[in-house]
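According to TrEMBL, the protein has these features:
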DOMAIN    78-381  domain 'Tryptophan synthase beta chain-like PALP'
MOD_RES   Lys116  N6-(pyridoxal phosphate)lysine
BINDING   Asn142, Gly243, Ala244, Leu245, Ser246, Asn247, Thr380  pyridoxal 5'-phosphate binding site
Amino acid sequence: MKLVCVDCNKEVSADLFDYQCTCGGLFDIVHDTAQLDAEFLKRVFHDRLSERMTPYASGVWRYKELIFPELADEYITTKYEGNTGLYASEQIQSYTGSNRKVLLKAQSENPSGSFKDNGMTVAVSHGRSLGYQRFTCTSTGNTSSSLAMYASLANQESYVFVPNKNISLNKVLQTLAYGANVISFDGTYDDGIRFYEQHSKELGLYICNSINPFRIEGQKSIVYEIAQYLNWNLPDWVVIPGGALSNVTALGKGLQDLKKLGFIDKLPRVALVQAEGASPFHRMVAEGRTELVPEPTPYTRASALNIGNPPSWKKALRTLEETNGVTCSVTDQEILDAKAWVDKSGIGCEPASAATVAGLRKLIAQQVIDKDETAVCILTGNMLKDTDALHEYHLGESSTTSYKNAIRPAELTLDSIQSIL
Ligand SMILES: N[C@@H](CCOP(=O)(O)O)C(=O)O
């Protein structure tokens, strides 16, 4: 296993772990797959479906050979994440105008209620194997609750940076309840990432955001699981929401693994959907540019997507290129209407997830996706992650998003944070 920079292609041994290359680029993890026997692995992955209460019962660690083969089992911190439902919905078929039942992959059924668990179990396990006892992330709420859960499960400390506005109160409460030290700051997720880029070394904390390539390795399991449930036959399209762009990055990497190993014959096409108020990546693609222009003040009601400068955009672009993918953006109203349909289909999701269903509907209407093509939409977070959205949609009310048990530095500086640690 080695780290390869996505910008300058520099190769570094994975033992010399870092988040960024000296050139500033993010790292990819590259495994040595030459010795892997695909048919043998398929059998192993199948047999592990009957595991209970061992690390291999996890829908992530089931695929350990493709994710982190070198890790000693003693470091695995798992809550049997993954193993989430894949549903064929007639309601969503009729809402989107498809001629085929639409598949929904409910990552919302993960233990902390979002897809972040697939990556977080790997990041925290890796951090522990390096001897870290204190973990951190910046988050709009799902990453933080996931980290807080795994850190506490491993009896470790977590310090999470959370913007003080435009995020879901429930997610912050969940993070606090799991025992994290919550640091509420004036800014956005993008400011938190910038802070890490400047100070990761001095902080001495293990960073669990998606700039960490081990998070991406864990998130690859989402597409492995879809493929395995469908007997290694993927639909024509995978529709995925985009904020920090870790999900689409991991999807692309997972698809390449499956193709290289011969588990699948051809790559499905990827449709990446962003919220209109936070869509720098879609705008870049739609305008034919090759450099992302950050949005300084991203805003969407789908708070998990409130990101103006997604760190993984170059990796995401690679996924789009490799899969002949497309992007689109949808309005908050389109997202909330689609969410109401997902909720009443009995599956349920948080607003950001519903961007996929809204996007599929739009792309079918625009004839980018044919009505006869098959599609799976990835639902990233649980319906109860954002009950304010339910209030607003169904009762026409909104409630406060202030929270009191948080640490509030006057500003996000190294001194102010070090005084808290
Ligand atoms: N919506 C995300 C944003 C953080 O993204 P990450 O992939 O870098 O952890 C959240 O839940 O915080």
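The backbone N, Cα and C atoms fix where each Cβ goes, glycine too.
All features noted in TrEMBL, drawn onto the structure.
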| residue | record | DSSP (3 states) |
| --- | --- | --- |
| Lys116 | N6-(pyridoxal phosphate)lysine | helix |
| Asn142 | pyridoxal 5'-phosphate binding site | helix |
| Gly243 | pyridoxal 5'-phosphate binding site | coil |
| Thr380 | pyridoxal 5'-phosphate binding site | coil |
Query raised in the report: Which one, from the binding-site residues Asn142, Ser246, Asn247, Thr380, has the smallest tally of other C-beta atoms lying within 10 Å of its C-beta?
Result: Ser246
Query raised in the report: Just counting, how many other CB atoms are there within 10 A of the CB of Lys116 (N6-(pyridoxal phosphate)lysine)?
Result: 35
Report summary line: One should report the C-alpha separation between Lys116 (N6-(pyridoxal phosphate)lysine) and Asn142 (pyridoxal 5'-phosphate binding site), rounded to whole angstrom, as 7
Query raised in the report: Leu245, Asn247, Thr380: which of these binding-site residues put a Cβ within less than 6 Å of any ligand 1 atom?
Result: none
Report summary line: Other C-beta atoms within 10 angstroms of the C-beta of Ala244 (pyridoxal 5'-phosphate binding site) total 26
Report summary line: Expressed in angstrom and rounded to a whole number, the pyridoxal 5'-phosphate site built from Asn142, Gly243, Ala244, Leu245, Ser246, Asn247, Thr380 spans a maximum Cα-Cα distance of 14
